[in-house]
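**Q** Below is one structure. I have some questions about it.
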Amino acid sequence: MKKFGKKVVLVGDGSVGSSYAFAMVTQGIADEFVIIDIAKDKVEADVKDLNHGALYSSSPVTVKAGEYEDCKDADLVVITAGAPQKPGETRLQLVEKNTKIMKSIVTSVMDSGFDGFFLIAANPVDILTRYVKEVTGLPAERVIGSGTVLDSARFRYLISKELGVTSSSVHASIIGEHGDSELAVWSQANVGGISVYDTLKEETGSDAKANEIYINTRDAAYDIIQAKGSTYYGIALALLRISKALLNNENSILTVSSQLNGQYGFNDVYLGLPTLINQNGAVKIYETPLNDNELQLLEKSVKTLEDTYDSIKHLV
């Protein structure tokens, strides 16, 4: 691979993509930011809008409209393009139509001579990230999904509101599928080293509050989609966080969608787990200790993803 730099190409200039572009320009994380979308007039307008305000970015950044050949020397290609999730529709129900869209995009990116990292956000993200890895033949550490990074942020936010602390003081994760089979790792969730689950149970006299927090985390996207059509600010900031960890060689641990290689006894499947992210990609999955119930829920999540992936294997 070439020397790691800071050129990012975004494929997909819808609500998620444009929100991510704005966040990236605001933070000045990339030196060059390229946007690709079939809606070329929209891209041109967004490029102008972003460049007009780039003076006030934290560091210089050039934004431009591009084509797939721009991926040739990109360090990171972020794919947000895909059919949106409709009210009442699960992420897994999007699978076949978005797999076909993804195949077209990834083929065009690879035809450019691309030799960088993929960051996938289109849903169902765990399935599509695995699909991109299989189609491209790239090493697993260079094909990363947004996973449960946003879910974990939602989880930490809801806990923080309940306990009256900042989100950054809450150490807790959502793992598994970015979707209905995701699970909360209550056995490890803590604030100041004290169990969140036990604290909630002591304060309320039951586990109802913990269950409510989990359900509100899991179903957050459905509520937002019902009210305003789609989610985009939260996932855009999650993508920003992952991009920053990659581009700035942070050695940060984030619950991205990574490919399992023996962890918890599973192989090949992609799902959200605490993963070390640096300039070499998703370099290490941390096998968080889980209790028996959590292990059963993880197995269920893996089975859900495996069954769904089997349904689109013919498209590889």
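Glycine residues also receive a Cβ, built from the backbone N, Cα and C atoms like all the rest.
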**Q** Can you pick which of Val16, Val25, Val135, Val165 Swiss-Prot lists for the same NAD(+) site as Asp37, Lys42, Tyr68, Gly82, Ala83, Ser104, Ala121, Ala122, Asn123, Ser146?
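**A** NAD(+) site check in Swiss-Prot: besides Asp37, Lys42, Tyr68, Gly82, Ala83, Ser104, Ala121, Ala122, Asn123, Ser146, the record includes Val16 out of Val16, Val25, Val135, Val165.
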**Q** Pick out which of the recorded positions Lys42, Arg156, His171, His178 has the most other Cβ atoms within 10 Å of its own Cβ.
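**A** Result of the Cβ crowding comparison: His178.
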**Q** Starting from each candidate's C-beta and looking 10 angstroms out, tell me which of the binding-site residues Val16, Ala122, Val125, Ala153 has the most other C-beta atoms.
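**A** For the binding-site residues Val16, Ala122, Val125, Ala153, the Cβ with the most other Cβ atoms within 10 Å is Val125.
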**Q** Between Arg156 (beta-D-fructose 1,6-bisphosphate binding site) and Val125 (substrate binding site), find the distance joining the two CA atoms and give it rounded to the nearest Å.
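**A** Each residue's Cα considered, Arg156 (beta-D-fructose 1,6-bisphosphate binding site) and Val125 (substrate binding site) end up 21 Å apart.
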**Q** Can you give the largest Cα to Cα distance in Å, as a whole number, for the residues Gln85, Arg91, Asn123, Pro124, Val125, Asp126, Asp151, Ser152, Ala153, Arg154, Thr231 that bind substrate in the record?
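**A** In whole numbers, the farthest two Cα atoms are 20 Å apart.
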**Q** How far is it from Gln85 (substrate binding site) to Tyr222 (phosphotyrosine), counting Cα to Cα, in Å?
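**A** With distance taken Cα to Cα, Tyr222 (phosphotyrosine) is 9 Å from Gln85 (substrate binding site).
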